[in-house]
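Encoded as structure tokens, the structure appears first; notes follow it.
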Ligand SMILES: [Ca+2]
Ligand SMILES: [Ca+2]
């Protein structure tokens, strides 16, 4: 009888620890590396405004990031945006 109780307690503890561990892992993955490839979801080599909306900073500073005002970000514009880290005005 007590053996069964102990076994279930151990199982519950193991599950709880596993869940806590998984939750911790998920929290670490919260800041995803969203690079050009990840944002260019249709892989046409450009980030459209819709694709740019995936990232809040890109969406917010879209006008500044789209340097040539053609309505999309190419790799050069995106990397310039990434390296400039423009200060919020
Ligand atoms: Ca695209
Ligand atoms: Ca552009």
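Note: Cβ is positioned from N, Cα and C throughout, glycine not excepted.
Fair warning: this is a prediction, and the values are worked out from it, not measured in the lab.
Going by TrEMBL, these are the annotated features:
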| type | residues | note |
| --- | --- | --- |
| SIGNAL | 1-22 | signal peptide |
| DOMAIN | 36-51 | domain 'EF-hand' |
| DOMAIN | 64-81 | domain 'EF-hand' |
Legend entry - Secondary structure content, the domain 'EF-hand' (64-81) (per DSSP, counts of residues): 9 helix, 2 strand, 7 coil
Legend entry - Tertiary contacts of the domain 'EF-hand' (64-81), as residues 6+ beyond its ends and Cβ separation under 8 Å: 36, 39, 45-49, 52, 58
Inset, instruction - State the mean pLDDT for the domain 'EF-hand' (64-81). - result: 97
